[in-house]
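Asks: Before we start, here is the structure in question, set down as structure tokens.
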């Protein structure tokens, strides 16, 4: 009897849910239609706003070209791409209106332009309008201690919405890797959209790190020790990679900065027909006046590291390798060696990392041989590179490595990480001659530094010449040609 009652209750429950199916379907359909109507209405309003903004004083419509670069005043390699891209477009489309969306609200537009000239020696030939965004904190990694990728990506949508509400461009280019803004500007703003990808937000390498339960700057130790948490994170990464691929595929033009980035973007976005490699512009010409022969202004050798103070740059590895080099006395007495870190700090988190690096050098007893130069002018950077014997780079799977190219152009012998762009595109043989060195572990770096310093001056000069000859393909001029060719589709 009880079994019969349970069966009757189950049938009744199924009939109840079945009766709700069609009404639920109608409600969902109605809500979807309403959402489409609202979004379409917003799009129409934005189109009217666009026409008002793009009309000049003489009544003619002007094309509005906007770059989304929330950290345009940071002074890194990504910012050099931004300013060179703007300069190239202004040469070809001088009548257009140029806009940069930025979150650098603590400075004004003139100060940003002066900073670009001071750091990169770039001065634009036409005016640029800056749209200052107040919600940049939504894309700060410090706001999301967990689910950082998802948090920053969702935050970029709100930041993109703020940008779109202030200015609706004809052409939108994301030059900083915020792919989740692409569908917003394409389908709501009605813009032609392009993207320059420095580094995929997620990559198959990141999936491998979690799958193999390896510790990394983006994979905490407590997760690697727990198989269940590792599986949960792996599922989260796969879902995020799928969504990242969907939003990235909205781009009408995709530019990537290296072979390594190309392989990952083709795998994730699957838009090979509109994806091209556009090597980032490196100010090769500026460094060519540095003599290749070794200067002996001061005794000993100078080692330099050029790059922003971000966790993925792995600066601690350089200090540990340097300490190992000194402690094992692989080279001459310590006073003859000095390691100088040169880079930009974007925010308080970067400043905190610099302080942590200072403490690490103190803990290892090498603080008197290590210096930090923060946000220094371009001329000062050039002076350091002119005196350096070795340039250090330790980022695993660096997307490209503008700092690596600058070191090679300046005549510094580069010692880079054996992965990513440096391995595939930069530190490669030129006409059969080596152009630099690659390493991975702390021991590798220490031994290779010792090997370079033990070479004769003539051998080092030969490597310098080959390296300098090889980097002409990364010049500003080459960038302008390939960039303009790639974005041409956006202006048709």
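Backbone N, Cα and C define each Cβ position, glycine as well.
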Asks: Using Swiss-Prot as the reference, determine which range in 192-212, 213-233, 234-254 is annotated intramembrane segment.
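Replies: Spelled out, Swiss-Prot records intramembrane segment over residues 234-254, not the other listed ranges.
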Asks: Over the span of the topological domain 'Cytoplasmic' (41-233), how high is the average pLDDT in this prediction?
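Replies: Per the prediction, mean pLDDT sits at 86 for the topological domain 'Cytoplasmic' (41-233).
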Asks: Summarise the topological domain 'Cytoplasmic' (421-492) as counts of helix, strand and coil residues per DSSP.
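Replies: Result for the topological domain 'Cytoplasmic' (421-492), in helix, strand, coil order: 53 helix, 5 strand, 14 coil.
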Asks: Which residue counts does DSSP give the topological domain 'Cytoplasmic' (255-399) for helix, strand and coil?
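Replies: Residue counts for the topological domain 'Cytoplasmic' (255-399) by secondary structure: 66 helix, 26 strand, 53 coil.
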